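Participant: Structure provided below as structure tokens; questions to follow.
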Amino acid sequence: MQEFGFMCKEREMETVRGVLPYWPRIYCKISLDLDRRVREATQQAFEQLILKVKKYLAPHLKSLMGFWLIAQCDTYSPAASSARVAFEAAFPAHKQPEALAFCKEEIMNVLLDHLLKETPDTLSDTQAVPIEDRESKYFRVVTCSLLALKRLLCMLPRSENSSLQERLAHLLSQSKFWKYSKHSTSSIRSAFFELMSALCQCSPDVLRAEASRLCPAVLLSIDDSDAVVCPALWEAVLYTITTIEDCWEHVNAQKGVLPKLWSVLREGGRGLATVIFPNLLPFISRVPTNIIKTPTDFYSNFFNSLGQGLSSERAVASPAECSAIISAYMECLRFAMQENAGEEEENKKVQQILISDQLMPLIDSSLKDPKLQNSPLFSQVEETLYSWEKKAESQGLDDKLSRIHATLLREFWENLAHICVSHVDVIEAGEKNLAGVSGLLQVLQNPNCLLKVNKKKKAKIRFKGEGDDESDAVSHVSESQPMSKFIMETCSSSGRDPGIAQLRQERLEDLVCKLAELSMVYISEQRSQQHLMFLAALLSTFPSIRVFQVLLQQSSEEDPKNLNSPDHDVTPRHKNPAVQFLYAKLIFWFNDKSLEESDFLVDILYSVLFCCTDSSERKHLLDDMTKMNFKWSVFLYIIQKACTDPEKYSLASDWLKGEVLGERLICLANDLCTSGLMDKATPSEAYCSKKWALLSLVLSEHVHNEYLIADAYVEKIINKLHSALMKARNLSKAGHLEQSVSFICDVGSNFFSSIKGCLQMPSAEDLLLTIFQLCAQASDTSHMSESLLLKLKNTWLAGLHSLVCQYKNMPQGSNFLKQSAQWVKDQIQTSHLNVKSLQSLICTVDDLYSTILDSSLSGFSLLAEHTASMMPSAETWQKMRHALSSQWLSKPLLEGRLSMNTETSGTDLKSFPKTWLPSHLCTASLLSKMALRLLEKEKSLKEEEIGVKINITVAEMLYSLQWCEELEKPPTLIGECCEMLCSLGVSHEKVMDLSVHLPGLLELLYNRSKEDGSLWSLTANRFIHKRGAGPSELLPLTEDTEKYFPVTLGSLHTIQSLSAFLCPELKEELVIQCTARLMTCSASAVSCTDGGFGYLAIINSCLGSDSDLCQEILPGVLKVMLSWKDDQEDIFLFSSNVQDSSQSLIGLNVEMIRFLSILLKYLASSVSSLVDVDWDFIMCSMLAWLESACESSAAYHIPLVRLFACASCDLATEISHYFESVATSTTMSLPANLMSEWKEFFSEGIYSLMLPMLVRIAEEYKASETSHMSHVLKSLGRTLGYISKEQLLNHKLPAKFVAGQKTNLTDSLQSLLNTLAPLLLYRERSVQITVYHLLDKIMADLPGFDDEDLKSYGDEDEEPALSPPAALMSVLAIQEDLVESILKEIPVGEFAVIEPLKEEFCFVLGYLLTWKLILTFFKAASSQLRALYSQYLRKTKSLNKLLYNLFKLMPHNPVLPGQASDMPSKEPKTFFTEELQLAVKGTATVQQEVPHLACCVYHMTLKDLPAMVRLWWNGCEKRIFNVVDRFTTKYVSSVLSSQEISSVQLSTQVFDGMTVKARSTTREVIATYSVDDICIELIIQLPQNYPLGSITVESGRRVGVAVQQWRNWMLQLNTYLTHQNGSIMEGLALWKNNVDKRFEGVEDCMICFSVIHGSNYSLPKKACRTCKKKFHSECLYKWFTSSNKSTCPLCRETFF
């Protein structure tokens, strides 16, 4: 259908027209389809068809219209809606009736067929559709047909209805039709009743003819409680009793209709009260008198049933249901009263019943039930009462009717008084009951009070004879008639007759006086708080002098002394009874401590004030009360009520502005602040909170933008709060201040947020500054909780927002910015700040800037000035920089980025505080954060001065960050600070983002670098690198090379830092100038900065970054050095203790060594060579410098000595690399004997010095003490990486043996292992990597020493095992414990993050390196040895531990980082596909080193020990089993499979009589074995999860082999491949050997049915003396232990 609709939309009209002849038949069928989605799609497609064919549909309308109308009444709303949309698309609204009239006969035919003829079986295919679906479709079609008939009747023009009379009469005459009223399906019943309502409206005559069927069908269904049916049913009921005049004659009302109605009413409408009960009034209004018979009985039953319905479960639970019942009850009661407003006896009985038995009991019940009190009952009672009052006082009605209603009113008021008194005149009067009484009286007094609560407009019932309230209002009232202001307001707002209101007022006052007097008795005698609250409610509603007189009289009767109390002088102005009552009673109640909450007493107070006519009198009363010692909550309630009610505010406004209240509030503020800060034993929190709430109220509430109290008192209170916060700042512990500070925050926040212009007060600005200061202090400094600091932040931000936004600008006279800037400046420069303190300070100031920039138009200039005022002077910046620790210098010095020839010993010994941050870091980071914030707001800096200051700030920040970065092992404090600053946006990246708007920053950094060098040069280098500045951008600064001479440290460091970014021409010019100056340098200036040292350092720097300059420069410089060797040999530190030399000489020698290293790099990449003299100088100097470095090891704590040692090792490394990489053709151009001299003397000399030096340093220094040795160890390691295996085996290390250590190695080799292996435990990465590379050179040779030992493992050994090198295994045992302690809390399968270069990192790294060596050793062993080694690993369970640990160290996604993401088709590189390069100095990828190494070890383990891994995997628990399988299959199996297949393809191993081929696509290896006439083909299939899964062996071709033998051989190969730790080729070789032995006549072992044992590869040798059969020793051992017998497995005789 959807495709058809789309086709109709897209195709041409002529094409679509072709469908029309077939469409009616298709539509009529599928519009009734079972699937609602099909029906909806059909209507949507029909719409598209209509839009396309338009008028051409007309010929087909009659065949479509019946089903179309049914579709418009579909029970599935989207389908019905789509059908109606299609209908509207076909016909405009005014044409639709005509279209229906045109097709009415056809429509009626379809509808009548569906209603009278069709059945479930005729509508659907009985063979294809289940019975449930058939019935569902039938019920839906009947429902839709009934609704379609209703729609037809309603839409047809009235003139056309007559033409359907006959068809409708026929329908109504059918019994089947009337059965639909009792149908079990609710939708059919609902549709039936809707049709009945439509027939009553459109064709009443037809229905009258069938009244005998209609009336019982409708009226006797009145108790149907189905929610679907009920609305349609009651509509049909009302239409029926209205349309059919004699309807009651066709039903038995007394036995049928009314009992059912009573039942529905008693059950509260059965959950449908909102539907049923609004229909009750029109229903009973149509019940004739002959049905009612006895009105008293009828109305008693009716209202009793309604009353019971109020108690039903649904009515109690649902306010809406309850409201519907109440409304119906009162409407029907008014109707019944109107119908029986006569003086006959029967009428009087009904009136009596309605008043006494119905209305008054209902009111009485409501006073006990809060649900009824919240219902519309009281308002309905009031409306009923008003209608009676109007009739009683109306001049237009006859006297009899007025007299009757007057009697009704009198009876009502008498009964009401009796009910109210019965509820009040009780000792234990219920609080809910009294609230109900007061609520009812309040509604009767002021009907408008409910309108405020419920503003929803409701329809009102107006009975016949009742006029509109507004039209009946009497406009002329006698002026002499006394009338209260309250009555006038009530009448004017409701439009009611004031005369009637006055009459009710009198009756109400009588009742209120009676109840008040009664309450007073209980208050006085019983001290009843409930009665007191009731009295307060009465007086609040009825603030009348008369009521107070009654109360006063009652008080005087009880205790005449109350009126003449000596405490209060009742002067003539207190003749007012209300005032007398205040002093006689109310004051004592306020002082009564048993009355915890006194808010209701405040209502009485306002009633007293209402009765006072003079404002001065009211002020005097309140002032008098203020001087009394009342609870502060009393004044809180007084002011709260004044703020919520304008009338009450007018009564208390003079008092609020007065001095009496103001002074009391100042005293309150002082007491609260003093007690809260000084006394830990503060009053209860609730009591204090009331006091603080009072302060907050008077400071925050305002009327017409004025404070509630006088401005002077507001400022004094703010002063008190400010003083309190200042004290809180100065107290050492603030834990007990939380409550007071929190309250002050609440008060301040309300004050700042609510009053416009509040910060014009100086005290308010001081308060704001103090809160700002508290917020800027970290919680560990201020000792305040995070929640309180958050509240402080919100408070001061509210104040700042008020300061900015309400003025649209910062006020000119504001001191807040100046004071805050000075305070922040003092904090960052003089205070000791930790990370948290600095973060709090930065965040708080940042909040200040953000708020002002977002709110103020001129915020930028204000904050620029603010930032400038916080900036230190140039001298202060200089002092702060000098205060930074010089530890930073060691790292760039040793890495060769800076050169020094002066004292640098302090770089390692000078320490700095570990608990607070340097002031330079704090100042620079805060100021730069603010500067960057300003740049974000306004990119272009119009004022040059602002730009200069921002550049200085950012430059200092970059300097500080560079200092942090250059620290080799910074304290934790510095690392945390850098992370914090990065999270706040104080970083290089942020500066780079905004560097375009800082054009002067590069020049500033360059100038600082040239002036001071050192760290400024590194800062400039980092900035240029991050910014990506090219040579062209630097050219304006660097083009004049003359300004670098004479060379200073500043110019030297600048060149060294910028050399990588300078253009080649500039570097060439610098090198030429320095070379020329070097050649003419005097002897005295050789070691000076502006001499040999400086020139050589510049040359090294430029040549190191540009090799194109080397060819011409290097020979010349080398000649200069040779001349120095001849003329000034003492400047060369050869074979001496460097510690005794000057710093300048050490620096010079370092630069000479670096130059020679550059020379060697150049020689290795070019065809040039040197002459004998040059090589002699280089080689001899290198060895002499190395000897000096070794002799000076005790002075390595001095940076320049350490640098000298590193440079010497690096030179040795470059020489070793050169000779290793020299090509054969190049060797011929080298001087004669140079290579032999290198191999026989120089290289031997290097490593005879280096290897012992490494061991000595490692033994003398613990890892924690070698922080200054790190670079030396790295350089040593790089040098030792070039040692050959022969030189390593011929080492000169002292002998080292371990007692009891079993070994087959030579003494020299064992000593080497015992010396180097423990260094894998060393807590320095470079040592571990160096030792690994050294041991890896010899690992493959070690298994050869165990080959001889194989003979000692005879057949008598039950489970032979052989340990890998004992030195490695002892180290591994220690490492296992260490790693276990690190990883024990991490479950297998979870990735453990190991922090680089920490202690744990070294433990894990050493553990993995040790295993890598063991696996290398294992791979190099023969098959027989591997079996013994694997047996040892199985016994010690070391391999199991390794595998568990690997699955904690390998990442979940081992993808190599840094790959391009724009190549999705290419397989990503992983840690398994890429080799790990373990470089000694490599720190770029150290973050990934442990995960990558773990993956490498796992890869090696799977490759070399597949059987053992498979065994471990099968023994794992289910979760780990799945984790291992999933990970291995996804990342490792494909790599190993391809490697295994490749190894088979590339194998050079040749088998006699067997050929092996491999297929990589199918992961198969095919082996073909041929001997004599026998031909065997075996297909080896690798599993998807290789090597975890079992390798399958399938049979190919076989010729000349018995089936049983064939099966045995396949089983043997499968066993070898599954259980042997080796490759497929090794397994095939073992299998072939086994088959060969079989053909040679060697018998199979009768236990494993194999000639060669699968583990130790032995032949069957143990023979039974009885049956002579031979067995493998290991097989026999397993047989004996598993069977617990010592008999032969075959003959069962005792085995000897």
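Quick reminder: no glycine exception, Cβ is built from N, Cα and C everywhere.
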Participant: Of the ranges 1309-1356, 1501-1548, 1549-1596, 1645-1692, which one does Swiss-Prot list as zinc finger?
Facilitator: 1645-1692
Participant: Same chain only, please: residues at least 6 beyond the ends of the repeat 'HEAT 11' (992-1029) with a C-beta under 8 Å from a C-beta of the stretch. Say none if there are none.
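Facilitator: That would be 888-889, 892, 897-898, 932, 935-936, 939-941, 947-948, 950-952, 954-955, 958-959, 962-963, 965-966, 1037-1038, 1043, 1048-1054, 1056-1058, 1060-1061.
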Participant: Quick one: mean pLDDT on the zinc finger (1645-1692)?
Facilitator: 80
Participant: Mind pulling out the one from 144-181, 252-289, 921-958, 1150-1188, 1307-1344 with the most Cβ pairs under 8 angstroms to the repeat 'HEAT 16' (1371-1405)?
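Facilitator: The listed stretch sharing the most Cβ pairs with the repeat 'HEAT 16' (1371-1405) is 1307-1344.
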Participant: State the non-local partners of the repeat 'HEAT 13' (1150-1188) in its own chain: residues 6+ outside its ends, Cβ under 8 Å from one of its Cβ atoms.
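Facilitator: Contacts of the repeat 'HEAT 13' (1150-1188) (Cβ under 8 Å, skipping residues fewer than 6 from its ends): 896, 899, 1093, 1096-1097, 1099-1100, 1103-1104, 1107, 1110-1111, 1114, 1117-1118, 1121-1122, 1125, 1132-1138, 1200, 1203-1204, 1207-1212, 1214-1215, 1217-1218, 1221-1222, 1226, 1229-1231, 1234, 1237-1238, 1242, 1245-1246, 1249-1250.
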Participant: What are the DSSP helix/strand/coil residue counts across the repeat 'HEAT 9' (596-634)?
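Facilitator: Tallying H, G and I as helix, E and B as strand, the rest coil: 28 helix, 0 strand, 11 coil.
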Participant: Going along the chain, which residues at least six beyond the ends of the repeat 'HEAT 3' (144-181) come within the CB cut-off of under 8 Å?
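Facilitator: Result: 66, 69-75, 96-98, 100-101, 104, 107-108, 110-112, 114-116, 188-189, 191-195, 197-199, 201-203, 205-207, 209-210, 213, 217-218, 221.
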Participant: Apart from its near flanks, which chain residues at least 6 from the ends of the repeat 'HEAT 10' (921-958) lie with a Cβ under 8 angstroms of it?
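Facilitator: Cβ under 8 Å, 6 or more out: 824, 828-829, 833, 838, 841-842, 845-846, 849-850, 853, 859-860, 863-864, 866-868, 870-872, 877, 880, 884, 964, 977, 981, 984-986, 988, 990-991, 994, 997-998, 1000-1001, 1004-1005, 1008, 1019, 1022-1023.
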Participant: On the DSSP side of things, how many residues of the repeat 'HEAT 5' (252-289) fall into helix, strand and coil, could you say?
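Facilitator: Helix (H, G, I), strand (E, B), coil: 32 helix, 0 strand, 6 coil.
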